[in-house]
Amino acid sequence: MKLFLILIRSSWVSGLVSGLLGALSGMANLGLIMLIHRALTDDPSDSQWLPYLFAGACVLVLITQVTAKHLLVQLSQATAARLRYELCTKIIAAPLPTLESVGSHRLLAALIDDVNSITSALSAFPAACANAMVLVCGLVYLATLSVPLAGGTILMASIGVFSFMTGLRFANRHLRQAREDQDEVVKQLRAMIDGIKELKGNNMRCLDFVYDVLLPADTKMRHSLIIGSNIQGFAHSWGRLFLFIGIGLLLFAWPQIATVSTATLTGYVLTILYLTYPLDGILGWLPAMNSASIAVAKIETLGLMIDQPEHQTSLSAPARFRSLEMHGVTYQYDSKDDNCFALGPVDLTLSPGETLFIAGGNGSGKTTLAKLLTGLYVPDAGRVQWNGNDVTDKERADYRQLFSTVFVEGHLFDRLLGIDATPGKLQHWLSILGMEDKVNVQTGRLLTGELSRGQHKRLALLVAALDDRPIFVFDEWAAEQDPGFKDIFYQQILPELHRSGKTVVAITHDDRYFSVASRVLKVADGRLNLVADLQSTPRRAA
């Protein structure tokens, strides 16, 4: 039912028209069988119009089937696009911690595999309508030949369909489990791609990953899928068998009970044999519908997991930055472990034009602090104030527009998005960063194909600089730079941003350059402590 609601929501007119055309095609198909029966049993002199009627029915079948399939292809693809769009908007609007807990592997599986399952089921909708109409009209035609025989046929078909649906319910348990197991397979495939260098560099690690991680996950999914598919296949064959049982009873048992004319018997056998095709089509479509229903349920579950939309942000430039304060801010990751990491309470004040360095050991909470500062994480307690006003859920999306960021694991798009920079400014930063050959100035395309980690970070800094927000946040940007570009970052780029009135927050381990900062803070065990307060204008490192 939910699958049809999705179809109707996309375009109920196209869905209705394609369904009606499919039904008309089914009636025309049955008309062909009736004409064949008449041609076999009637006097040839009474059948002079049959060839023309037969040709007309063939043309009608062709036109209705082609038109219905054309409409449903368009509709199913539009439905798939709509589902992907709705899921993407939910992903974009969901809080970052929620997305991190769900995992990218689940999101990708829903966006690709689940949507494709739904599309496949919807694409077969016209054929299902045609087959259903053939069955209904076929049973009506059988009733015109013999009501008792029609009743017996309906009884046998009902038993077959009921048996099939019962088997389908048993298969569902395993198919749903297979869909859950698929998330783990996708996760490990992504791990293989992301860690291919590490796997190639250690044969034992590669073997352990393949045989202890990847193959067991795939085997678990395959086991559930095979059991579910086998149950489906058995139920399909068992349900179809009941029509042939009906034919056997008709041929061998019914003549012993009542007298049946040869014409009636011929018409009955011919019609039932033909009805096995549409029944087989419907029984074959139901597993696709079943897979689509599982996909819809999975998307709905995922949607509920991420359906916590934040307030929409405006497209206008962020308000002038006067002050940013954090008062008693704390944050703790969701975990069953009682000793999970907690940050805070943190008290911090940022002023326009300030250059702040944050140091600390690995796992001390520096990146968590940066995500809290930039509004990507919501504090468990405490307040964040922007220009003296509390940042609430309503303002948080707008608040994030204050920041140009480069995180350690940040993504680099292959083009400049949401940026309206002059060619002169683009060329200026390309020259400073030594990346003139990595950007097409005319199209704004970034040549991200074969970049070192240092080059990747330099292009990310280019995007941040062109973004030109009031506050810049760099998460260990210089860690993967050679000494020359590390010096350029601290001695040229940061002072230039300071002269432009920008506030800079840089997470760094480079104590040699601490004199460049206005203040140096250190995060230790989730607490923020002052290391040095150099104030006034940042100075150059010696």
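Glycine too: its Cβ is placed from the backbone N, Cα and C atoms.
Now, the feature entries from TrEMBL:
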DOMAIN    12-291  domain 'ABC transmembrane type-1'
DOMAIN    324-542  domain 'ABC transporter'
TRANSMEM  12-37  transmembrane segment
TRANSMEM  49-68  transmembrane segment
TRANSMEM  121-143  transmembrane segment
TRANSMEM  149-171  transmembrane segment
TRANSMEM  241-259  transmembrane segment
TRANSMEM  265-286  transmembrane segment
Summarise the model confidence on the domain 'ABC transporter' (324-542) as a single mean pLDDT, whole number.
85
Stretch with greatest number of CB pairs under 8 Å, the transmembrane segment (121-143) reference, 149-171, 241-259, 265-286 candidates:
265-286
Counting only residues 6 or more past its boundaries, what in the same chain has a CB within less than 8 Å of a CB in the transmembrane segment (265-286)?
26, 29-30, 33, 36-37, 40-41, 121, 124, 127-128, 130-132, 134-135, 138-139, 141-142, 145-146, 149, 153, 157, 160-161, 164-165, 168, 236, 239-240, 243-244, 246-247, 250-251, 255
Excluding the flanking five residues on each side, which residues at least 6 beyond the ends of the transmembrane segment (241-259) place their CB within less than 8 Å of a CB in that stretch?
148-149, 152-153, 156-157, 159-160, 163, 265, 268-269, 272-273, 275-276, 279
Folded-back contacts onto the transmembrane segment (149-171), same chain, C-beta under 8 angstroms, at least six residues removed:
135, 139, 142-143, 227-229, 231-232, 234-236, 238-243, 245-246, 249-250, 254, 260, 264, 268, 272, 279, 283, 286-287, 290
